[in-house]
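One structure below.
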Amino acid sequence: MPTTIILGSQWGDEGKGKLSDILCQKAQICARAAGGHNAGHSVVANGVSYDFHLLPSGLINPNCENLIGSGVVVNVEAFFKELNALEEKGLKHVREKILISDRAHVNLTLHAAVDRAEEAQLEGNKKIGTTGRGIGPSYATKASRKGIRVHEIFKEAVFEKKLRTLAEGYKKQFGELFEYDVEEEIARFREYRKLLPNFVCDGPNFIDQAQKSGRDLLIEGANALMLDIDYGTYPYVTSSNTGFGGAVTGLALDYKQIKEVIGVVKAYTTRVGGGPFKTEDLGDAGTKLQEIGREWGVSTGRRRRCGWLDLVVLKYSQLINNYTSWNLTKLDILDTFPTIKVAVAYKDKETGEVIEHFPADLDYLDTLEVVYKEFEGWQTPITSVKTFDALPAQAQAYVKFIEEFTGIPVKWIGTGPARDDMIYL
């Protein structure tokens with residue numbers, strides 16, 4: 001490879017898992033760099049669907065080692081629950097192929113309780129629409145230097161003191177909104193302390209040795225660029241760096257060893273929870289995209305908001321992440337649309353100025369109109385198509401326009417849910 005990074009280019013749920021599954025078949029190491037068990041994707045292999053939230057999907061490959069990196073917030077209960085689920089579906093030796101960086105922070109039941117309390121304090125459209133799994137509060141305690149790292153789980157007195165201090169502070173802050181039993185959590189970790197030792201490693205050293213020895217690494221990005229804490233639609237974002245920078249720092253990668261950065265982009269756009277979404281379609285087209293695309297979350301079951309592809313967002317995403325290629329996913333979902341729209345710019349309604357960049361000011365963004373380009377639909381199934389030249393001319397034109405507009409080649413095109421439903425360019 002030797003090091004390949006897969007990143008979401010929109011608001012998540014682009015279909016990163018499918019490409020990860022394909023590429024991890026050749027990878028020797030598959031790693032997660034940031035996020036927690038809030039992100040989820042399904043991988044279909046050998047007729048079986050596997051759900052991944054916290055664990056890298058390289059666990060499907062019997063010859064691939066897997067690492068949860070230092071930038072991830074690790075929920076220990078979710079870690080073991082996910083391992084059990086994979087074993088129940090027939091995957092063997094998964095416990096021998098997964099490691100956790102000792103520098104990763106621990107996501108606790110306490111953090112989920114804080115998440116619920118914080119959302120309860122917000123009103124109406126001010127709600128972020130989090131998954132409720134405490135990812136934001138986990139990163140908040142990390143940033144405030146009060147967090148608990150994985151290696152501290154094994155220092156019982158230190159762990160309990162830090163946890164009790166956190167619980168007392170949040171109880172003072174939220175009062176009755178903070179529903180949490182610290183003794184119950186302490187009891188659970190007495191059991192986890194016995195189960196975890198064989199899974200914990202020095203994460204930076206593991207990656208350093210892997211890159212120096214020339215092993216093929218596949219890095220699975222979680223969430224997506226537009227949910228990045230610095231570059232996303234703040235404050236309607238997650239609490240970690242979800243782009244290229246987060247992948248590098250979350251795993252201590254040697255950037256000189258990175259060969260490819262793949263941006264995964266859905267052929268239309270979806271978003272979960274609150275926040276701006278300029279191309280959202282609240283009419284028939286949006287409903288049709290949601291139903292045909294089966295747009296509801298693996299982690300939460302929530303229905304996703306749907307709309308047209310926004311190339312302003314995509315160019316902005318490319319500016320931040322410097323992709324070397326695109327994986328265009330779910331092109332087949334557009335099979336039945338007579339007309340397909342794509343956003344190519346925004347327009348200031350007062351001045352008439354055409355805006356070709358994605359602004360930081362969300363209030364200003366809300367005032368802008370969307371400038372669309374319309375494409376003729378192909379209105380024929382493409383799932384069985386295996387080469388680009390065999391695609392309908394209208395579908396080819398759609399793909400070529402994305403390449404020309406962004407200046408980045410499309411290297412993979414998803415044409416269906418199965419692993420084999422992929423065109424390689």
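Heads up, the Cβ atoms here are built off N, Cα and C, so glycines get one too.
Note that this is a predicted model, so its numbers are computed, not measured.
Swiss-Prot has this to say about the protein:
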type	residues	note
BINDING	12-18, 40-42, Arg304, 330-332, 414-416	GTP binding site
ACT_SITE	Asp13	active site, proton acceptor
BINDING	Asp13, Gly40	Mg(2+) binding site
BINDING	Asp13, Glu14, Gly15, Lys16, Asn38, Ala39, Gly40, His41, Thr131, Arg145, Asn223, Thr238, Arg302	IMP binding site
ACT_SITE	His41	active site, proton donor
BINDING	Val298, Ser299, Thr300, Gly301, Arg302, Arg303, Arg304	substrate binding site
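Mapped onto this structure are the features recorded in Swiss-Prot.
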residue	record	CB count, 10 Å
Gly12	GTP binding site	29
Lys18	GTP binding site	26
Asn38	IMP binding site	30
Gly40	Mg(2+) binding site	18
His41	active site, proton donor	24
Ser42	GTP binding site	15
Thr131	IMP binding site	23
Gly301	substrate binding site	7
Arg303	substrate binding site	13
Thr415	GTP binding site	24
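Taking Cβ-Cβ distances under 8 Å and a sequence gap of 6 or more within the same chain, the neighbours of Gly15 (GTP binding site) are His41, Val264, Lys266, Asn327, Thr329, Lys330, Gly414. According to its DSSP assignment, Ser42 (GTP binding site) is in a strand. Thr131 (IMP binding site) is 22 Å away from Lys18 (GTP binding site) when you measure Cα to Cα. A Cα-Cα distance of 5 Å separates Asn223 (IMP binding site) from Gly12 (GTP binding site). Taking only the Cα positions, the spacing between Asn38 (IMP binding site) and Arg303 (substrate binding site) is 15 angstrom. A separation of roughly 16 Å, to the nearest angstrom, links the Cα atoms of Ser42 (GTP binding site) and Arg303 (substrate binding site).
It is Arg304 that, of the binding-site residues Arg302, Arg304, has its Cβ surrounded by the most other Cβ atoms within 10 Å. Distance noted between the C-alpha atoms of Arg304 (substrate binding site) and Thr415 (GTP binding site) is 20 Å. Shown are the recorded positions Asp13, Asn223, Leu331; of these, the residue with the fewest other Cβ atoms within 10 Å is Leu331. Within 10 Å of Leu331 (GTP binding site), as judged by C-alpha distances, no recorded positions are found among Asp13, Gly40, Arg302, Arg303.
In the three-state DSSP classification, Gly15 (GTP binding site) falls within coil.
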